[in-house]
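Engineer: Structure incoming, see below.
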Ligand SMILES: *[C@@H]1O[C@H](CO)[C@@H](O)[C@H](O)[C@H]1NC(C)=O
Ligand SMILES: *[C@@H]1O[C@H](CO)[C@@H](O)[C@H](O)[C@H]1NC(C)=O
Ligand SMILES: *[C@@H]1O[C@H](CO)[C@@H](O)[C@H](O)[C@H]1NC(C)=O
């Protein structure tokens, strides 16, 4: 394994701590890279605890810590997003005290009150997904962690309360929901279309809620909305089999365009097609068929190789005869999706292509000075910025946005690659990414987004720590190094949990 780039920084900080602490042992331990996976898992736990302590000290019960100024922000309606998003990770890490703190917080949330617009999508994936996952884990393989069963039951009660607050969103002529809601007036933002991802990334959480409560309404609402995505109209909105446009008319359920990609805005629609099949292969075979078509079409039509680095594979996007040769950190969930679909359906071609995508995403990480990948990049030879000609020549891409906002998708796909192939290289890549994030983004109270991954120190720090740091980055980093468990991704059809798009494991349906 390569030596983490952070080593010189670590050495510097150790030198100063040698002055502060006259005891030699701490330094010796820190200097050595952890040798075992257990030690690496513990290092991820340490990072989680660091961020949790900062959040508790400065921000709880607000949505998130502002990690540079040590204050707080409420970007997700002020219901304590970081706490709810941290729950399933804290359960998996076995952090009993953190879990109890979160459960007591969830019990006291009033989901009917907020002064801000509510995003149906964000609220579903973070809050609803977080609570349902906590319930599934604490009712199942992590049963021993919490002694007060009423706190566990409260997760389901509150999931239902939240869904009951939100469900008016689906009350439209077609059943395609509004995304931006006023829950005080049961109003909306007046949009005429809704996006592909925000419409198509509800069905796992809302179906799970119905399955757990025996109230079919939630599943029905989300599946009705999804039905328009599974049978797209007009036919021109599906330029390649399975690949569909990016916005849907709320009145008619018809697609409003034929702009195709696996990027942000479209991404988790494709992700959930195969995950619904993992959730329940009996009920969701059609979803799987649609995913297979989309995956085959992506291989055939969207696969792209930079001129200067033909060994790399990215997915381009397509609109009306034109290909856009650019991609995003968000898109890097794609490798994991192909690998999951490939192993579940026993399709080695999908696994192989997923690993190609994983390699491409690793290249975006290991080509930069911080060893973290950019938020977006391109490889169109006609658009290379003058000051990036050398970089493009070598790396195969140029950076469009060099920010890193604590996104998980690259580590997520490394994790799938490791679980399914068993190859150590992918776990090493998780570790390298974690070490780079820990050394680049860490502040005294948590982790900050950074402005420029192609500076060794990440450029400047933004005063922002998204709740998905807890839900996703630290969870996938931890899972890659911790032992096998019921919630881990498995090869073939052995999965007993499936991860929602916010990395909350949801228990699958088994007879
Ligand atoms: C929601 O509607 C209420 C009642 O009409 C209004 O007072 C409030 O300002 C609205 N909230 C938002 C975020 O627009
Ligand atoms: C950098 O990424 C490329 C492309 O995935 C890979 O082949 C190479 O092994 C990576 N380098 C290191 C040092 O991990
Ligand atoms: C993460 O950063 C902290 C603070 O600099 C350091 O003590 C710790 O050793 C780092 N962890 C790893 C695995 O590099």
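Each Cβ is built from the backbone N, Cα and C atoms, and glycine gets one as well.
Remember, TrEMBL labels are computer predictions, not curated facts.
Here TrEMBL flags 501 as Ca(2+) binding site. Under the heading disulfide bond, TrEMBL lists 332-361. Per TrEMBL, signal peptide is recorded for 1-20.
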Engineer: Report, in whole Å, the straight Cα-to-Cα distance of the residue listed as 'Ca(2+) binding site' from residue 332 (disulfide bond).
Structural biologist: 13
Engineer: Rounded to an integer, what is the Cα-Cα distance in Å between residue 501 (Ca(2+) binding site) and residue 361 (disulfide bond)?
Structural biologist: 18
Engineer: Judged by the number of other CB atoms within 10 angstroms, which among 332, 361, 501 is the least packed of the recorded positions?
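Structural biologist: Comparing Cβ neighbour counts within 10 Å for the recorded positions 332, 361, 501 gives 501.
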Engineer: According to DSSP, which kind of secondary structure is residue 361 (disulfide bond) found in, if we only use helix, strand and coil?
Structural biologist: helix
